[in-house]
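S.K.: The substrate binding site feature in TrEMBL is assigned to N28, Q61, N81, G91, N92, N174, N207, E225, R226, G235, T236. For C90, the entry in TrEMBL reads active site. According to TrEMBL, the active site, proton donor annotation covers C90. As annotated by TrEMBL, active site, proton acceptor applies to C234.
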Amino acid sequence: MTATHTTTSRRPPLHPPLPFTKMHGLGNDFMVLDATRQPIALRPEDIRAMADRHFGVGFDQLLVVEPGPSADVDFGYRIFNADGSEVEQCGNGARCFARFVHDQRLTDKRRIRVQTCAGTIVLHVTDTGNVQVDMGMPRCSPQEIPFTAPAPALLYPVAVGDKTVELAVVNMGNPHAVLRVADVDSAPVATLGPLLESHPRFPARVNVGFMQVLAPDRIRLRVYERGTGETLACGTGACAAVVAGQRLGWLGRQVTVLLPGGPLQIDWQGEGHNVHMQGPATRVYEGLWHWPEMPPAM
Ligand SMILES: N[C@@H](CCC[C@H](N)C(=O)O)C(=O)O
């Protein structure tokens, strides 16, 4: 999919409506487009218009299903945040992706290999309709996040305004910072989230997770997502929190992550292993996107 650039601010009047499916994974919601049957060209401003919760469809991320770019994968998967930025990975989106390609009869395979900007992931549709995702190997060195630090560590002090917070960093295809808090209900997600998201030590910006450890196999988590704001659930955020918590000795190998939208099961057998996630994927409705008339340039 390539962005189009035009010299006029008005779309051609007969631009056909675009079919889409609205889906969610534990309340992290998506507009899903099928670009396997027709090419779809969107500009960041189109995505922002679609994402608008009052004037558009409203979503946290836009997911685009594309033909597999090579013979060893079944599909391509592109992801855009509500602010129009393209991102490398989306865990809840991956589960909805699997459900979508089944519902649309694009494949009948139970094991689906998908190419993302961050590499290949493998999705497995279970008998119960849940989806298991092999999210690949986490990466934790500062340059892989990317994060500016003098040397690798498990926790980094980071100055934010007049405070210093301690955080772990994990790349799950996309960048995550994880902070441990005593109580997620009172955690400063709305204030610290955006400050860390755009902190100069994270040159590609970052998703910020606030984790409350209830037991070695149970955490609560809220995530302020890069390019979107706080969401009801973040799949890669859940994986990153479990990886960070396990490396720090706080968590075991199988953890239930309680997000505001519901629970995810995360399994990480430790260094050198891939992270596995399991959870639901829900179709909400099918719709047609009618291109808005753009206002004339002022
Ligand atoms: N909601 C997602 C993550 C989406 C991308 C993220 N906002 C980013 O910018 O990296 C998930 O479920 O993983």
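Any Cβ shown, glycine's included, is placed from N, Cα and C.
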S.K.: Of N28, T236, the binding-site residues given in the record, which has the fewest other CB atoms within 10 A of its CB?
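M.R.: Per-residue Cβ counts within 10 Å for the binding-site residues N28, T236 bottom out at N28.
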S.K.: Name the residues of the same chain, 6+ apart in sequence, whose Cβ is under 8 Å from the Cβ of N81 (substrate binding site)?
M.R.: D60, Q61, V87, E225, R226, G227, T228
S.K.: With the substrate site defined by the record as N28, Q61, N81, G91, N92, N174, N207, E225, R226, G235, T236, how many Å span the farthest pair of C-alpha atoms?
M.R.: 16
S.K.: Write down the Cα-Cα distance for the residue listed as 'active site, proton acceptor' and N28 (substrate binding site), rounded and given in Å.
M.R.: 7
S.K.: With every protein chain in view, what's the tally of Cβ atoms within 10 Å of the Cβ of R226 (substrate binding site), excluding that atom itself?
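M.R.: Other Cβ atoms found within 10 Å: 26.
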S.K.: So of N92, N207, which of the binding-site residues has the fewest other Cβ atoms within 10 Å around its own Cβ?
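M.R.: Candidates: the binding-site residues N92, N207. Fewest Cβ atoms within 10 Å: N207.
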S.K.: If you count the C-beta atoms lying within 10 Å of each candidate's C-beta, which of the active-site residues C90, C234 ends up with the smallest number?
M.R.: C90
S.K.: Please state whether DSSP places R226 (substrate binding site) in a helix, a strand or coil.
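M.R.: It is coil.
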S.K.: Cβ within 8 angstroms of the Cβ centroid of N28, Q61, N81, G91, N92, N174, N207, E225, R226, G235, T236: which residues besides those meet this for the substrate site?
M.R.: D60, I79, V87, Q89, C90, G93, V223, T228, T231, C234, G237
S.K.: Check the Cα distances from C90 (active site) to each of the recorded positions N207, C234, T236 and keep only the ones within 10 Å.
M.R.: C234, T236
